[in-house]
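A.B. asks: Before anything else, here's the structure in question.
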Amino acid sequence: MTSRTPATAPETIPVPGRQPHPATATNGSDPSGRPDKPARTDQTPQITVDRHLTAAERHASLAADMRAGLTSHPRELPPKWFYDATGSLLFDRITRLPEYYPTRREHAVLTAHAAEIAAVCPAGTLIELGSGTSEKTRLLLDALRATGVLRRFVPFDVDEETLLQAGQDILRAYPGISVHAVVGDFERHLGLLPGARPAADTGAAAGAGAAGAAGADGGHGEGRGDRRLVAFLGGTIGNLRPAARGAFLRALSDQFADGDALLLGADLVKDPRRLVAAYDDSAGVTAAFNRNVLSVINRELGADFDLRGFAHVAAWDAENSWIEMRLRSVREQEVGVRALDLVARFDADEQMRTEISAKFTLDSIAAELAAAGLSVSHQWTDPDGDFALTLAVPS
Ligand SMILES: C[S@@+](CC[C@H](N)C(=O)[O-])C[C@H]1O[C@@H](n2cnc3c(N)ncnc32)[C@H](O)[C@@H]1O
């Protein structure tokens, strides 16, 4: 995963073989300099890309997180580092596993209610945080397009490769809708969402929005004044600890204008046996996903983790109402991390936490939103009550 432009610098990526998109195919130069790209012509529709996480920033952030995580007791690695191209591919396979019900359930809720969501919030801009492959998002795009107001899709993810592929696929599938992709960390770069109003208008605070709302339109001047629907699907909110969730929701709420809305997908508390099975499938795909973080550290920080030396663990923590994924060291071992000049010594059976996935109730979702200045406008679940979608607006 590489970035070639400084943070926040917009870049346009050509998608070959289609007619120009009026909103984006206006600039005759290709600023990316990528040797393997098709020649840029004014006949080529574009996606615009904002990179808030350049290769250097990604490296620095990964190094800082891994130094903190590998030297803490117990050890803990942030889940965002699962997601390089391989991690995203493995997650995509997880979503199709029989044990992993959340994606199917969320898909069912979206199928049943996308038209209602679009009627309540007929947004000109659909932003998707932690967008991944944006597959379920097509249900929202279809419903919003049918209102006749949608003109822009803004996928936002830490995994650039998957983000750009998904963005190009959406651009092809939705003629007339522009795609403005953002490579960033939603815990750090929310203040740079396209279409955000300047801090002076919103009273935007620090925290995750501390990157500042200045230049929040990506320098394009497009979309200002658009009504925005921010989708945060897949239960990804549950990967944040309670304090981080609060800061994230507050940063989002601080930059909302009247008419903007958050569509939040959250997994609900249920029988722990179903929960654990969803994170410990019989085919071992979640185990491979869990170990992928070690591959990322090996490749990007010159570590020598032996992936066979770590076993996948999934456990339900009733007190905190979350699933924990961990990696258990199957023997006493030492792991060197060259870029950190660090040697991590693991005891046999020592467990390192790699992800939490919090499970909610409808009331706990509403309470966390209220604490961040957002009120529930609508809440839906699938018929079995497994997964919830909540539409929330500024209080
Ligand atoms: C659980 S997956 C959900 C993907 C998709 N939204 C879905 O519903 O299937 C989490 C997604 O969020 C992205 N992600 C995780 N942490 C992130 C962060 N801090 N900033 C931006 N994206 C992040 C991952 O790359 C991944 O695509």
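Count begins at 1; order follows the chain as displayed.
Even glycines carry a Cβ here, placed using N, Cα and C.
Pasting the relevant annotations from TrEMBL:
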- 1-48: region 'Disordered' (REGION)
- 63-392: domain 'Histidine-specific methyltransferase SAM-dependent' (DOMAIN)
- Tyr100, Asn239, Tyr279, Glu355, Ile356, Ser357: L-histidine binding site (BINDING)
- Gly130, Lys136, Asp157, Asp185, Phe186: S-adenosyl-L-methionine binding site (BINDING)
A.B. asks: Counting distance between Cα atoms, which of the binding-site residues Gly130, Lys136, Asp157, Asp185, Phe186 is nearest Ser357 (L-histidine binding site)?
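C.D. replies: In terms of Cα distance, Ser357 (L-histidine binding site) lies closest to Gly130.
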A.B. asks: Between any two of Tyr100, Asn239, Tyr279, Glu355, Ile356, Ser357, the residues recorded as binding L-histidine, what is the biggest Cα to Cα distance in Å?
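C.D. replies: Binding-site diameter by Cα atoms for L-histidine: 16 Å.
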A.B. asks: Report the binding-site residues (Asp185, Tyr279, Ser357) that meet this criterion: Cβ distance to the nearest atom of ligand 1 under 6 Å. Use sequence order and write none if nothing qualifies.
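C.D. replies: Passing the 6 Å Cβ check against ligand 1: Asp185.
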A.B. asks: Under 8 Å Cβ-Cβ from Asp185 (S-adenosyl-L-methionine binding site), six or more apart in the same chain: what's there?
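C.D. replies: The list for Asp185 (S-adenosyl-L-methionine binding site) reads His52, Leu53, Ser61, Lys80, Val158, given in order along the sequence.
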A.B. asks: Mean pLDDT, the domain 'Histidine-specific methyltransferase SAM-dependent' (63-392)?
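C.D. replies: Average per-residue pLDDT within the domain 'Histidine-specific methyltransferase SAM-dependent' (63-392): 92.
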A.B. asks: Including all protein chains shown, what's the count of other C-beta atoms within 10 A of the C-beta of Glu355 (L-histidine binding site)?
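C.D. replies: Result for Glu355 (L-histidine binding site): 23 neighbouring Cβ atoms inside 10 Å.
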A.B. asks: Rounded to a whole angstrom, what is the largest C-alpha distance between any two of the residues Gly130, Lys136, Asp157, Asp185, Phe186 that the record assigns to S-adenosyl-L-methionine?
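C.D. replies: Farthest Cα pair among residues binding S-adenosyl-L-methionine: 21 Å.
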A.B. asks: If you run the three-state DSSP split on Ser357 (L-histidine binding site), which class comes out?
C.D. replies: strand
A.B. asks: Rounded to the nearest Å, what's the C-alpha distance separating Asn239 (L-histidine binding site) and Phe186 (S-adenosyl-L-methionine binding site)? Just drop the number here, would you?
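C.D. replies: Rounded to the nearest whole number, the Cα-Cα distance is 12 Å.
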A.B. asks: Within 10 angstroms of the C-beta of Phe186 (S-adenosyl-L-methionine binding site), what count of other C-beta atoms is obtained when all protein chains are considered?
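C.D. replies: So the Cβ neighbour count for Phe186 (S-adenosyl-L-methionine binding site) comes to 21.
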